[in-house]
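Written out below as structure tokens is the structure these notes cover.
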Amino acid sequence: MVYVVLFFAIFLLMGMPVAFAIGISGFIFFILQPTLPYTMPVQLVLSQTQNFPLLAIPMFIFAGNLMNNSGITKRLVNLSSVLVGHKPGGLAQTSVVLSSLMGGVSGSAIADSSMESRILGPDMTKQGYARGYSAGINGYSALITISIPPSIGLVLYGSIGEVSIGRLFAGGIGPGLLMMLSLMLTVSITAKKKGYLPENKARAPLKKMAATFMKSIWAIFFPLILLVTLRLGLMLPSEAGALAAVYALAVGLVIYRELTWERFKNAIFDTILDVGMIMYLIALSGMVSYGITWEMIPQLLSQYLLGLSDNPLIITIIILLFLLLLGTVIDSTVIILLLTSILVPVMKNLGVDLVYFGVVMVITCAIGLFTPPVGVGMYSVCSIMNCSVGEFLRESWQFFIAVVAVISLCVLFPSIVTFIPNLIFG
């Protein structure tokens, strides 16, 4: 596997697309193993995608795109503004709350951060917000969507590690809400120092809050329906994804009546692009995953880590620090695809709750979306906000600390993650 890692690193440095880098590196493993037939890589590429729980991914993505094209987004923006627009840094506070609500719609941090930068960014600039600050809060608040169901990262982790996706969805709620509170507190402190004024002059009347909430209630019901159907055992995750798509169609066509044929085609097109990218990565990662199992890397890693310490907390911290550093150079989806099969057996041997570990692992990997040098989300929001990476880093470090603080609390107090799954699923 040393040559596989070496070639993978070389291909990335050459600028090769990640999917091709994984696929070619995986095929090199089979070339170097004379006992393995060359037909096996083809079989692995096909079999890797024939995993029924993975069917949830295109369904959730399609549902999210339908909701975004059905007028849900503007209603959630209005609701967020009504709830927190009167606080210091009102637009930044709106961004944080909007991400918490959008988590149940998009499930994608990059999509959420880009959307918020386009919608809220121009107004933030007009009100005197530094462009780097706006890009920073729109970016880091989007990490909330990683933990709020339906999270694509949690679906990947659950399907590869054979962990209950329903419990993972429930486990992400606590950290997601804690991240929202942490970022709102950070915005309040920094906005006062920088003189960023509230968006609204006064707190909205309770009647207006209730009316705005009712207009957005169909989007808020979305993640609740998923959890209820999974908890009652009415549906598998893939079937819940299909229900989500039908639900989104019903909301767009019958309730809001804003889903036109043109918008429907846009949702289909966006879904094809998103699903194509993710499934291509999943398919080609099968060869590397087989090589990892063949070389018995999980067992070797487990022995090595246990040699360092037999304390599960220390081992968990070491692994998360490694993932945090790795996330700065490799996309979070790739990390989850390649390392879940290695780390899950290790954590199982240590007696660590796999739902707890999965949630903190997925969030930790996602931080790399907004850190140099490969932060795809960072470059996306910087491009939309027309600010340099340097300005982004200067203005957003406090949000980075806020998110890391939440992860640290989750590591030290696992019940933050496990309380809701245990309450719902027993």
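Positions of Cβ are set from backbone N, Cα and C atoms, glycine also.
Whatever TrEMBL says is automated annotation, not expert-curated.
For 6-415, the entry in TrEMBL reads domain 'TRAP C4-dicarboxylate transport system permease DctM subunit'.
As annotated by TrEMBL, transmembrane segment applies to 6-32 (among others).
Within the chain, the transmembrane segment (52-71) has long-range Cβ neighbours (under 8 A, six or more residues past its boundaries) at 105-108, 111, 115, 150, 152, 155-156, 158-159, 165, 219, 222, 236-238, 240-242, 244-245, 247-249, 251-252, 256, 258-259, 263-264, 266-268, 270-271, 274-275, 278-279, 282. For 52-71 (among others), the entry in TrEMBL reads transmembrane segment.
The annotation transmembrane segment is assigned in TrEMBL to 132-157 (among others). Remote same-chain residues near the transmembrane segment (132-157) are listed as 53-54, 56-57, 60-61, 63-64, 92, 95-96, 98-100, 102-104, 106-110, 112-113, 116-117, 120-121, 124-125, 163, 165, 168-170, 172-173, 175-176, 179-180, 183, 187, 190, 194, 196, 223, 226-227, 237, 241, 244, 278, 282, 332-333, 336-337, 340, 358-359, 361-363, 365-367, 369-370, 377-378, 381-382, 384-385, 387-388, 391-396, 399-400, 402-403 (criterion: CB distance under 8 Å, separation of at least six residues from the stretch ends).
Listed by sequence, the residues of this chain that lie at least six past the ends of the transmembrane segment (169-191) yet keep a Cβ under 8 A from its Cβ atoms are 84, 87-89, 92-93, 96-97, 99-100, 103, 133, 137, 140-141, 143-144, 146-151, 154, 223, 226-227, 230-231, 355-356, 358-360, 362-363, 398-399, 401-403, 405-407, 409-410, 416-421, 424-425. Annotation source TrEMBL lists transmembrane segment at 169-191 (among others).
According to TrEMBL, the transmembrane segment annotation covers 212-234 (among others). Counting residues 6+ beyond its ends, the transmembrane segment (212-234) has Cβ neighbours under 8 Å at 63, 67, 72, 75-76, 78-79, 82, 101, 103-105, 148-150, 165-166, 169-170, 204, 240, 243-244, 247-248, 251, 255-256, 424-425 in the same chain.
Residues annotated as transmembrane segment in TrEMBL: 240-259 (among others).
Residues or ranges marked as transmembrane segment in TrEMBL: 271-293 (among others).
Summarising the annotation, TrEMBL assigns transmembrane segment to 313-342 (among others).
Through the fold, the transmembrane segment (354-379) approaches residues 109-110, 113, 135-136, 139-140, 142-143, 146-147, 151, 153-154, 157-158, 161, 163-164, 167-168, 171-172, 175, 179, 316, 319-320, 323-324, 326-332, 335-336, 340, 343-344, 347-348, 389, 392-393, 396, 400, 403-404, 406-407, 410-411, 414, 417-418, 421 of its own chain, all at least 6 residues removed from its boundaries and within a Cβ separation under 8 Å. The transmembrane segment feature in TrEMBL is assigned to 354-379 (among others).
Marked as transmembrane segment by TrEMBL: 399-425 (among others).
Contact between the transmembrane segment (271-293) and the transmembrane segment (6-32) is present: at least three CB pairs lie under 8 Å, with pairs separated by 6 or more positions in sequence.
When pLDDT is averaged over the domain 'TRAP C4-dicarboxylate transport system permease DctM subunit' (6-415), the result is 85.
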